[in-house]
Each structure stands twice: as C-alpha cells, then as structure tokens.
Amino acid sequence: MFKVGMINLGDKQSTIVVAMSGGVDSSAVAAMLHEQGHNVIGITLQLYDHGMAVGKKNACCAGQDIYDAKMVANKLGIPHYVLDYENKFKESVIDNFVDSYLQGETPLPCVQCNKSVKFRDLIKTARELGADKLATGHYVRKINGDNGAELHTGLDPAKDQSYFLFTTTKEQLEYLRFPLGGLTKDETRKLASKFGLEVADKPDSQDICFIPDGNYKSVINKIRPNSSESGKIIHVNGFELGEHSGIINYTIGQRRGLGIAYNEPLYVVKIDPKDNIVYVGPESALNVQEFIIRDVNWLADEIKDNEKLEVAVKIRSTRPPRLAEISKLGDDKMKVKFLCEEKAVAPGQACVIYAGERVLGGGWITREIR
C-alpha cells in the first residue's frame, strides 16, 4: 500500500500552480501538494462555450468541471482562478482540428491543446503569478538525467499519457511536475478519498471536450459551412466505385460506412483533399513500410545527419510501440521505417519515439507514406 509521504516532488517548499480540470487526477495532485506544505494555487481554464456541455457526463472542461475544481480548492483552502482561454483555444485547437479534417487528416486535438494552451500559455501565466513550478495530473514521469530533465512513460501502462505530451519542450519539462506518474488510477482514487474529495469517484473524461455529443461533423460544418462536398470513391487499382459524402466523414483504415458494395472488404487507404477523392482497397493496401514526420520535437541527444537510430514508435495512442529505424531529414523532419510493416498510418496523427520508457521525441505524420 502506498503512502502519501512517498509521493513527493523532491523539492523544497515551493509555490506551485496546479492545472485543475475538475477531475480526480488534478484534484488529488492539489491536495497532495497542499498537505506537503507547498503554497498551491489552482488554475482552471475555460476553453470553450461550456454552456454546450453543462450536465454532460464524462466531458473535460465542462461547466460542472469548473464547479468541481472550485469546490476542491475551497475544501483545501487554496486560491483558485478560472481563466478565460476561449479565444486562444479556438485559434490553436478547434480551428486546427477543423482544418486538419478538411485536409484529409485525422487530427489529435488533445496534443495541440497540451502544446499550445495547457503548457505554453499556462506556464506563462504560472510564471507571472510567481510560481516556481506547474504541476498537472498527467500519468507521465519526469526523470532528471545526466543532460537534464527527461520525459518517461507513466508506471501504469493502462494510464500512460506520454503519447499526448511529446510536444513538451526541454525548457517546459524543467518547469513541470507530474506527481501521479508513479501511481495507478486506483491509487489516485484512494488518495483522493483519503483527502475527502467528492470527485474521488468521478468518471474519467471520454469525449473531445469541445464536442460534448461526439458529433465532430456538426462542429466542422458549423465552423466551415459546406465542408461536406461529395466526391468520388476510387479503388486503388484505378476504377471508380461510387460517391462519398465529404472527406471529413472518412479516416485511414475505416471499413464501415463506405456505402459501396464489393466482392471483398474495402478500407479507406488514402484521402486526396485537392481532388476530393477517397481511395479504398483491400486490407493489404493499408500496409506501410515508411513515412515522414514533420515539426519534430526532439528531447534527446541530437541525431547526426545520415545517422540511423533503432527505436520504438507509437502511431496511435491505443497501439503498442513498434520497432523502427529513424533518420533525420533537415531541421524538423524525420524518416521513420518500420522493421515490419504496419497498417493504417494516418496523416495528422502523432508518431512518438521511445527508447524503453523514455520519450525521445515525436512529430506529425505527413502524407509522405510508402
């Protein structure tokens, strides 16, 4: 059985901002740090029109979540601020999400939010408040290596969130703290119960926070009207099979909902936004040997030009790591080559690179896929 005293940041008494979402994880972090004698300041971000989601269960950053965060702060007796980040969130996350779908990609808004809002902007705010550190409820670990802070997976594989934090910079990592990285979710809930927090049994968020009903297509059509223009569905062998209802309705690897009859199962293999074409083919057509990633954030020692490094990579948060070989292509691109072919590599998703439990870096999957 773990003890609260065993979970500490290794820091002297400090002023620490805690990013409080209203869920059990960040609430437990705030309570833990407060008990350890730190000067804790809670901050909750209002990221979108939460009126859309009031009363919606299992959605992050809804009106109920803001209320829950404030109630936890009141119970602990710590200052708590709600910051209006709606405009920043729309520009950095929602607009990016919509544009990514219109470009035939499969976006990952949680990573964009962590990068552009929760870390970049919130760290700036925490510094302005005079805080020494920013703590979050993410299930990852920060380990001090020979060359500075390193990002590592959470000890509980079922809750590890390192895939979503690959854009964290070295400078940000030095300022951040992740007290839950060595715990399981059950241990976190027990910790919250120990502190008497009402959110101890609150369900985890499941939906994309700004899509409380799960209907992302309605959000896209609201922001970009007439975005569901129909077009051709073409077999990878070159013949036309039918008509699609708009490329926003399709993603790489999709099988259901194609609306076409054929003598074998067909999958979405490629999406061409320029010519508004959805390409389909047999499952074997999904096999990928190599691809290019862009906007690489690298957290390890620099890779030399023409150097090849054998690593493990994840191309979806729910998939296990696969062995691959990476090489540098200029300042912000890399080539990733699987040792064994992988299926359904989707542009717009993240490719996160690991050496054991350490996150070396990552980037965004481009259409340069072979």
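Backbone N, Cα and C atoms are what each Cβ position is placed from, and that goes for glycine too.
Taken from Swiss-Prot, the feature ATP binding site covers A19, M20, S21, G22, G23, V24, D25, S26, L45, G137. DSSP assigns G23 (ATP binding site) to coil, not to a helix or a strand.
Cβ-based neighbour count (10 Å, all protein chains) for C113 (active site, nucleophile) stands at 26. The active site, nucleophile annotation in Swiss-Prot covers C113 and is backed by sequence analysis.
The annotation disulfide bond is assigned in Swiss-Prot to C113-C209 on the grounds of sequence analysis. Within 10 Å of the C-beta of C209 (disulfide bond) we count 23 further C-beta atoms, all protein chains included.
Swiss-Prot lists H138 (among others) with the feature site 'Interaction with tRNA'. Cβ contacts within 10 Å of H138 (site 'Interaction with tRNA'), excluding its own Cβ and spanning all protein chains shown: 27.
For C209, the entry in Swiss-Prot reads active site, cysteine persulfide intermediate. In the three-state DSSP classification, C209 (disulfide bond) falls within coil.
Take the CB of Q349 (site 'Interaction with tRNA') and look out to 10 A: across all protein chains shown you find 24 other CB atoms. Taken residue by residue with DSSP, Q349 (site 'Interaction with tRNA') is part of neither helix nor strand, so it is coil. Positions annotated as site 'Interaction with tRNA' by Swiss-Prot: Q349 (among others).
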Rounded distance in angstrom between the Cα atoms of D25 (ATP binding site) and H138 (site 'Interaction with tRNA'): 8
Nearest to A19 (ATP binding site) by Cα, among C113, H138, C209, Q349 (recorded positions)? H138
Distance check, please: Cα of L45 (ATP binding site) against Cα of H138 (site 'Interaction with tRNA'), rounded to an integer number of angstrom. 16
Inter-residue C-alpha distance, Q349 (site 'Interaction with tRNA') and C209 (disulfide bond) (nearest angstrom): 18
Pairwise Cα distance for H138 (site 'Interaction with tRNA')/S21 (ATP binding site) [Å, integer]: 11
Please give the greatest C-alpha separation between any two of the ATP-binding residues A19, M20, S21, G22, G23, V24, D25, S26, L45, G137, in angstrom, as a whole number. 16
Hey, how far is C113 (active site, nucleophile) from G23 (ATP binding site), Cα to Cα, in Å? 17
